[in-house]
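Each remark here refers to the structure printed beneath this line.
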Amino acid sequence: MIISNVVIIKTYFPDSFPIAISFSLSAGAVGMMLIPVITEKLANIYGWRGSLLLIAAMNFHNVLAGALFRPLTSTRHKHSYSTQHDDTADSARERRTVENSNSFRSDEKTTYRGQYSPVNAPEQGCSENKETQSGANSCLDSKKRMTVIQNCEQSLGVSERNDEISEKDRLIPKGQSRRKPDDFKSGSVEEESKATTVDGGCMRSLIELFDLRLLYDFPALNPIMIAVLLSGATTTGWVAFLLPNALEKGYNMDKAILLASVGGLWNFIGRFCIGYMLGKRTTARTMFVICNLICGVAFCLDYVTTTFWGLSILSALNGSTIGAMTVLISLMIEEIVDESRFTSGVALAFLFLGLGEIVGGLFAGWLYDISHTYVIAFIALGVLNVLGALLTAIVTFLPCSLFRN
């Protein structure tokens, strides 16, 4: 749903896309703060089945909202013009094809007609001896006799070869084919070539389906995608272990929930304000580097922070930068790829973000199982943020690597 949301915003607000996408994605932070509280209240009143049914009914409002969208007027006229133009071009192409085929047939007939020879042409062997009728007749009789003799010899040779083949077939075990070793070799080579062709066709289909040539046509996307994956890992690690980290430091559940509320509020602020902060001198890649560095430093400072106010400040820094980076992903794709391939670029970026979110929780949990403390996990998440900042800085400060010449 987030991909369709980004594409719709890009279509309707191409000139003010940073502000529009910030305003749109900030609503997701509000939902993440309100839905858990609403779900708990509904579960106490209607039970889990009733609460899930009501949440599903709320989700069906997205269908009604999507039905209200209409294509832009300019886009519709442009599409109709292009359709008419394509129909005209197709009809003209068909007429040219028919004319070319007719001309080819007429040329073919004339060519073959010129190559025909009369049936009753005189034989060369007999044309030299035309002095008398008897000589011609004797020549024809001799040629007929030679033809009969040759036909008999050929028929005898074919019958002998057939007898030999049938005798060999009797010696071959039942169920096996009579093929030479060379035939088996050529068959295996053909089968291997067919398998290679099928594998290459499947790989080519996957590349065309997901438009993976973006990573080749725009080399800047390669470090950006790795940075996005690391950002997804830190996001999941922070969301999953914010409350356990506060409990480990000695605070009760109420204060831990308050820390989560502070982080959720600043996540909304970060998403909402990042679009207004971008200007002519500031690019999305530069802001992504800054947000990664701030988030990484906040993760590492968790090692020396024990007070509630200090943890609240760190939670605010993590929440705001993580929310801003969620918006900056789409803006970075807009800066790098062409407009015609923006949808494929956004889909690929959020694919890497989802993979990072899957890995992040497992990675942080594995570190906790080894060290038995959440501090080490938070420091590792900070290191991932710093690594993502370095990868994005390569693309930001080396503009020659943005596109492939």
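Each Cβ is built from the backbone N, Cα and C atoms, and glycine gets one as well.
Quick look at what TrEMBL lists:
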- 84-98: compositional bias 'Basic and acidic residues' (COMPBIAS)
- 160-172: compositional bias 'Basic and acidic residues' (COMPBIAS)
- 220-405: domain 'Major facilitator superfamily (MFS) profile' (DOMAIN)
- 76-138: region 'Disordered' (REGION)
- 159-191: region 'Disordered' (REGION)
- 12-38: transmembrane segment (TRANSMEM)
- 50-69: transmembrane segment (TRANSMEM)
- 220-244: transmembrane segment (TRANSMEM)
- 256-274: transmembrane segment (TRANSMEM)
- 286-305: transmembrane segment (TRANSMEM)
- 311-333: transmembrane segment (TRANSMEM)
- 345-368: transmembrane segment (TRANSMEM)
- 374-398: transmembrane segment (TRANSMEM)
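Beyond its flanks by at least six residues, the transmembrane segment (220-244) meets 214, 253, 256-257, 259-260, 263, 285, 288, 292, 295, 299, 315, 318, 322, 325-326, 329, 332, 336-337, 345, 348-349, 352-361, 363-365, 368, 374, 377-378, 381-382, 384-385, 387-389, 391-392, 394-395, 401-403 of its own chain at Cβ-Cβ distances under 8 Å. 286-305 is the stretch from 12-38, 50-69, 286-305, 345-368 with the greatest number of Cβ pairs below 8 Å to the transmembrane segment (374-398). The average pLDDT for the domain 'Major facilitator superfamily (MFS) profile' (220-405) in the predicted structure is 90. Using the rule of three or more Cβ pairs under 8 Å, pairs at least 6 apart in sequence, the transmembrane segment (256-274) is in contact with the transmembrane segment (12-38).
Cβ atoms under 8 Å from those of the transmembrane segment (12-38) belong to residues 2, 5-6, 55, 72, 261, 264-265, 267-268, 271-276, 278, 284, 323, 326-327, 330-331, 334 of the same chain, restricted to positions at least 6 beyond its ends.
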